[in-house]
Amino acid sequence: MNPFDYHLYLVTDENACLGRDLLWVVEEAVKGGVDIVQLREKQMDSAAFITRACRLKALLDKYNVPLIINDNLPVAIAADAHGIHVGNSDMPPVTVRSKWNDTAILGYSIEYEAQLGTAHAAVADYLALSPVFSTTTKTDTVTEWGLEGVARIRQLTGKPLVAIGNISADNAGAIIQAGADCLAVVSAICSAASPAKAAEALREKIIQHKS
Ligand code: TZP
Ligand code: MG
């Protein structure tokens, strides 16, 4: 198990970057306070995915910020990433653990409450409530957890909880107060005029509302 002590999680989406270079956006975000980054590439072939992951890893290593790869174990291994994030219909966390080292950060998306009691949730380093609020960035979702859902799941598990979905500086404080440990965002940072300032604003809200 890895101690997961991160607070502002950037999930990348090149389409959300308003035509700007993804690595530039990520670097600005990190300067503004993002402390963990997930490379999420849904269309890219493996070779290009690995190349991009290696570039991003080299950048993030300079800042001591871990790189998580979305749903692709060969890419995560090839890029020597710090971890992997899988969803309910991806490679199961127990399988990931059997194929990769124990020190890798393993994130698991929770779409149904029933996932909580499984061996998969048990081997994860953090659980992502996906989505906390419905979002146009990802529309194939099941449960909109809402603040009540965050609070309920908080009572049911001691695992670090990451909230994702339509998070902005406006609702960040309430989500932390409801029990999330970490907030993950795509558009609030990738599509911001200043990704650094957007990250700063989110980070400030998180710190303010941590009990
Ligand atoms: N998983 C659940 S919601 C989501 C992902 C990848 C997208 C979140 O994007 P945004 O723009 O922060 O709402
Ligand atoms: Mg997935």
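Just so you know, glycine gets a Cβ as well, placed from its N, Cα and C.
So that you can see what the record holds, here are the features copied from TrEMBL:
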{"type": "DOMAIN", "residues": "8-189", "note": "domain 'Thiamine phosphate synthase/TenI'"}
{"type": "BINDING", "residues": "Gln38, Leu39, Arg40, Glu41, Lys42, Asn70, Ser109, Lys138", "note": "4-amino-2-methyl-5-(diphosphooxymethyl)pyrimidine binding site"}
{"type": "BINDING", "residues": "Asp71, Asp90", "note": "Mg(2+) binding site"}
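Long-range Cβ neighbours of Asn70 (4-amino-2-methyl-5-(diphosphooxymethyl)pyrimidine binding site) (same chain, at least 6 residues apart, Cβ-Cβ under 8 Å): Val11, Gln38, Leu39, Arg40, Glu41, Ile84, His85.
A straight line from the CA of Asp71 (Mg(2+) binding site) to the CA of Lys42 (4-amino-2-methyl-5-(diphosphooxymethyl)pyrimidine binding site) spans 9 Å. For ligand 2, the binding-site residues lying close by, meaning a CB under 6 A from one of its atoms, are Asp71, Asp90; the full candidate list was Gln38, Leu39, Glu41, Asp71, Asp90, Ser109. Over the domain 'Thiamine phosphate synthase/TenI' (8-189), the average per-residue pLDDT in this prediction is 97. Taking a Cβ cut-off of under 6 Å from any atom of ligand 1, the binding-site residues Glu41, Lys42, Asn70, Asp71, Asp90, Lys138 reduce to Lys138. Binding residues for 4-amino-2-methyl-5-(diphosphooxymethyl)pyrimidine (Gln38, Leu39, Arg40, Glu41, Lys42, Asn70, Ser109, Lys138) extend across at most 16 Å, taking the greatest CA-CA distance.
Distance from the CA of Asp90 (Mg(2+) binding site) to the CA of Lys42 (4-amino-2-methyl-5-(diphosphooxymethyl)pyrimidine binding site) is 12 Å. Distance noted between the C-alpha atoms of Ser109 (4-amino-2-methyl-5-(diphosphooxymethyl)pyrimidine binding site) and Asp90 (Mg(2+) binding site) is 10 Å.
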